[in-house]
Amino acid sequence: MDVKAAPNGVATIEDRILRITGYYGYYPGYSSQKSTSRPSVTRCKPGANCPSSHSGISRQLSPLSITEDSSAPILELQSRGSSGVCGHRVERQNRSGDDGTQTHPENSSQENRIKARCLSCTSMVLKAVWGLLIILSVSSSWVGTTQIVKITYKNFYCPFFMTWFSTNWNIMFFPVYYSGHLATAQEKQSPMKKFRECSRIFGEDGLTLKLFLKRTAPFSILWTLTNYLYLLALKKLTATDVSALFCCNKAFVFLLSWIVLKDRFMGVRIVAAIMAITGIVMMAYADNFHADSIIGVAFAVGSASTSALYKVLFKMFLGSANFGEAAHFVSTMGFFNLIFISFTPVILYFTKVEHWSSFAALPWGCLCGMAGLWLAFNILVNVGVVLTYPILISIGTVLSVPGNAAVDLLKQEVIFNVVRLAATIIICLGFLLMLLPEEWDEITLRFINSLKEKKSEEHVEDMADSSVHLRSRSRANGTVSIPLA
C-alpha cells in the first residue's frame, strides 16, 4: 500500500511511526529515500515450495522488483530496529573502550597531582612543627642564658672572662655539625674532606693563614664586643629591659644595609626603626634618667649596634652561608678567640679589674650552663634556617622578652610601670614590622584581589543556581506534548 507524501513532509506511515517512537538515527524522508533499495517480501502459500528453507519469507534483492506487501515495512522496521540497537550497543562499547584508554593516563596524572599536593602539604606541616619546636627552643635558650648571667653576678662579676669562656665553646660547633652529618647523610664524608668543603666560605682556596687573620679577626672582635656589652648591660638593667633593647638590632641592620649595601628602601621599616628609637628613649626615661639606667641603655644599644654591624659585614664580605659553612666559620672564630684573645682576661686578672681568689672558687656550674645555652642558641639559630622558615627564628628571639618578663616577675626583680611597659611593647612591635617581606604590599593587594574574585564567583554561582531553580519550577508547572505529525 502506497502512502502519498503529506503536506508536513512526512512521506509514509513508517516515517510517522519512527517520529513517534523516537527511532535512533531517524531523519525525515528516511523510508522514501530507501524505497528503491528496500527488498521485496513474498508470502508462501501453504503447501507451496518456498525459495528459502530456513524461513517462511523470501526476499528478492533485485532492485527492479517493486511489489511490496503491507507487512514489509513492519518487517523492515523490526530488522532495522534490531540492527540499530545492536549497532548502538557496539558503538557504545567501542566508545567506552576508547574512553577507558584515554581516561587511564588522565587518572594517573590526577593521582600524581594528588600525591604531589599531599607531599607539599606534609612538608609544610613538618616545617610548621619544626618551627614551633625551634621557636620554643630559641626563646628558652636565650632566656636561660640571660637569667643564668643574672644569677652568676650575685657571687662572681667578671663579664669579660665570662664572654671569653663562652666564646671558646664555639669550637664545638663544627664537631656537632659533623656528628649530625654522620647520623643523617647517606654518603658520609671524612672529617677533613667535610672541613675542606665547608671552608669554601673563605674563598676557592679554602682557609689559609692570611684569610684566617684577615676574615676571622674583625668578626671575632665584633662577636666578643657584642656579648661583652650585653653582659655589662645586664649588670645595670633587668633582663627584660636588656632583651627588649637588644631587639633593636633588626632596625640597625636595616639602616646599615640601606646605607652600606644599598638595599631597597621600605617605608614600613623606617617606621619600625623610629619605633625602636622611641622605645630606647622611653626605656631610659622609665627610671627618670637615672645614671645606671642611662649607662645600661647605652650598653644594650651598643650591643645591638655591634650585632647589626657583624651581620651587615658578614653579608658584604662572605655573602650567604649554608649550615656547614656557618658551623665552620663559628668554630674558626672560637679558635681565634682561644689563641689571640686569651691574653686579655690574663691582663684584666693581674690588673685587678677582674680578679678572683682561686680557680676552685669559680662558679663552674653557672659558667658552663651559660656557655652551653649560648652555644645551643647559636646552633638552633643556624639549624632553624635549614629546617623551617627563617622568620620563625626571629619570632623566637622576640619571644624572649615576655619570657624574661615572666621570670623577673616571679623573682620580683622588676616593677612594670606604664612607661617601661609601653617602651617594651613599642620595641617588640617595631621588631615584628621588620619581619615583613619586601613585597608585603604586593602580597597584600593580591590577597585582597583574590578575596574579591572569590566573592564575585560565588555571587555568579548563586545567580545561576537561582535561575536554574526558577526554570525547573516553570517546567514543573507547564505541560509537555509530543507532536505526531
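Cβ atoms are placed via backbone N, Cα and C, with glycine included.
Heads up, TrEMBL stuff is auto-annotated, nobody curated it.
Per TrEMBL, the feature region 'Disordered' maps to 32-62 (among others).
TrEMBL lists 50-62 (among others) with the feature compositional bias 'Polar residues'.
Sequence annotations record features per position, and here TrEMBL assigns region 'Disordered' to 78-110 (among others).
The compositional bias 'Basic and acidic residues' annotation in TrEMBL covers 88-98.
Residues or ranges marked as compositional bias 'Polar residues' by TrEMBL: 99-110 (among others).
For 124-144 (among others), the entry in TrEMBL reads transmembrane segment.
Annotated domain 'EamA' per TrEMBL: 130-284, in sequence order.
The annotation transmembrane segment is assigned in TrEMBL to 156-178 (among others).
Sequence-distant contacts of the transmembrane segment (212-230) (same chain, at least 6 residues past either end, Cβ-Cβ under 8 Å): 159-160, 163-164, 166-167, 202, 242, 246, 299-300, 302-303, 306-307, 309-310, 313-314, 317-318, 329, 332-333, 336-337, 340-341, 374. Taken from TrEMBL, the feature transmembrane segment covers 212-230 (among others).
Under the heading transmembrane segment, TrEMBL lists 242-261 (among others).
According to TrEMBL, the feature transmembrane segment maps to 267-286 (among others).
Annotated transmembrane segment per TrEMBL: 293-314 (among others), in sequence order.
When Cβ-Cβ distances below 8 Å are used as the criterion, the transmembrane segment (326-350) is approached by residues 158, 160-161, 164, 167-177, 195, 198-199, 201, 207, 212, 216-217, 219-220, 223-224, 318, 356, 378, 382 of the same chain, each at least six residues removed from its ends. Marked as transmembrane segment by TrEMBL: 326-350 (among others).
Positions annotated as transmembrane segment by TrEMBL: 362-381 (among others).
Taken from TrEMBL, the feature transmembrane segment covers 387-407 (among others). Packing against the transmembrane segment (387-407) from elsewhere in the chain are residues 127-128, 130-132, 134-140, 142-143, 146-147, 238-240, 243-244, 247, 250, 380-381, 414, 416, 424, 427-428, 431-432, 434-435: each is 6 or more residues past its ends and has a CB under 8 Å from a CB in it.
Here TrEMBL flags 414-436 (among others) as transmembrane segment. Within its own chain, the transmembrane segment (414-436) has Cβ neighbours under 8 Å at 238, 240-241, 244-245, 247-248, 250-251, 253-254, 266, 268-269, 271-276, 278-280, 282-283, 285-286, 391, 394-395, 398, 401, 405, 408, counting only residues six or more beyond its boundaries.
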Interface present between the transmembrane segment (124-144) and the transmembrane segment (362-381) (three or more C-beta pairs under 8 A): yes
Same-chain residues at least 6 beyond the ends of the transmembrane segment (242-261) whose Cβ lies under 8 Å from its Cβ atoms: 142-143, 146, 230, 233-234, 269, 272-273, 275-277, 279-280, 283, 296-297, 300-301, 303-305, 307-309, 311-312, 315-316, 394, 397-398, 400-401, 404, 423-424, 427-428, 430-431, 434-435
Cβ-Cβ under 8 Å with the transmembrane segment (267-286): same-chain residues at least 6 beyond its ends: 241, 244-245, 247-248, 250-252, 254-255, 293-294, 297, 301, 417, 419-420, 422-424, 426-427, 429-431, 433-434, 436, 440
The domain 'EamA' (130-284) [mean pLDDT, rounded to integer]: 88
